[in-house]
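Q: Take this structure, written in C-alpha cells, and hold onto it; I'll ask about it next.
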Amino acid sequence: MIFLSHFSNLGDPVLLMAFLAFVLILVSLPFSFWSLSSNSNSSLVRLLIGVANLVLAFQLCTRWFLSGHFPVSNLYESLCFLTWTSTLVQLIIERRYLNPIIPAILTPFSLLTISFASFALPGELQIAGPLVPALRSSWLVMHVSVIMCSYSALLLGSLLSLAVLILSNSNELQIRGSSLGIGAYRTSNSTKSGYVNSRSLQQLFSNEENLDNLSYQTITVGFLLLTLGLVSGAVWANEAWGSWWSWDPKETWALISWLVYAAYLHARITRGWQGRKPAMIATFGFLIIVICYIGVNLLGVGLHSYGWFLS
C-alpha cells in the first residue's frame, strides 16, 4: 500500500520534515476545535502552526539545496509549498483577527494538503528529478511561487466565505458598512417568537462580518497575485514555446479561475454585494481552483501537468 510504504522512506530528511509538519498540524487540529467549542483563543494552536510553517520552510530549502532547483518541479513539492504558504496565510489572518473560528476553518485545509503529499502520492513522485528543459528558466521561481501564493490566498479566502454561508444559515444578511470597513449586520428574518438573544446575535454577526471582510481582503490579494502569475506565465511561455497562450488545460482553468474571482470582486466593488451572495461565488471559485490545481495534474494532461494516474 502507498500509505504504508512511506514510513520506510523517513530516512530522507525532506520526507521526514514533511511528516513532522503533518504531525504538528494534526496535533493542532483537535485543539482548534476545542478552542472553537469553548470560544477561547488558543496560543498553542498558533505555536504548532508556526512551528509547522518553519519546518516546511526548512524542508523546502533543503530540497532546493539537494536538487539544485526551486522545489516546485512535481506535485509533491508543489503540495508542500502550498501547505507552507497556507499556514503562513493562516498566521497572517490570525494576526488581523484573533478568533478561534479561523484555525478551526483553515487548519483542516493545511492538514489535507500535507497528508495528500505525504501519504497519497507514490514514492517515485516524491523524489526530486531533473528539470525538463522548458523549466530551466529564471521565470520558474517568479511564476510558480506567485501562482502558488495566489492559490493559497484564494483557497483560504474562499473557505472564510464558506464559513460566512454556514454561520448565516440561509438568513439574508447585509452589512451596513463597506467591504473594507467594520459595519453591522442586519437580518431580514426574525425568529418565530420575535425574541433574539442580543448578546449571541451580536457575537454571531460580528464573526460573520469580520469573516466576510477577511475573505474579501484575502481574495483581493490572491486575485492580484493570480493576475501577476498569469502575466508572468504568458511571458515565460512565449520565451519557452513561442506562444503567449496555447489553451493548455492548466492555462484554460487558470483563466476560468481568474474570471470567477473577477466576478466576485466586481460584484462586491461595483454592485455592492456583501454577505451571502459573494460568498457563494467565492465558494464556487474554491472548486474551480481545486480542479485547476489538482484535477488537471492528476489526469496527467497538458504542458503543466504533474500527473500521476496517467503519466
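Each residue, glycine too, has its Cβ placed from N, Cα and C.
What Swiss-Prot lists as transmembrane segment is 14-34, 47-67, 70-92, 101-121, 146-166, 218-238, 252-269, 281-301, and the listing cites sequence analysis.
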Q: For the transmembrane segment (146-166) and the transmembrane segment (14-34), check the count of CB pairs under 8 Å (sequence separation 6 or more) and say whether it reaches 3 or more.
A: no
Q: Would the transmembrane segment (101-121) count as touching the transmembrane segment (252-269), if touching means at least three Cβ pairs under 8 Å and pairs must be 6 or more apart in sequence?
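A: Counting Cβ pairs under 8 Å, fewer than 3, so no.
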Q: List, by number or range, the same-chain residues at least 6 past the transmembrane segment (252-269) whose CB is under 8 A from its CB atoms?
A: 147, 154, 179, 216, 219-220, 222-223, 226-227, 229-230, 233, 277-278, 281-282, 284-285, 288-289, 291-292, 295-296
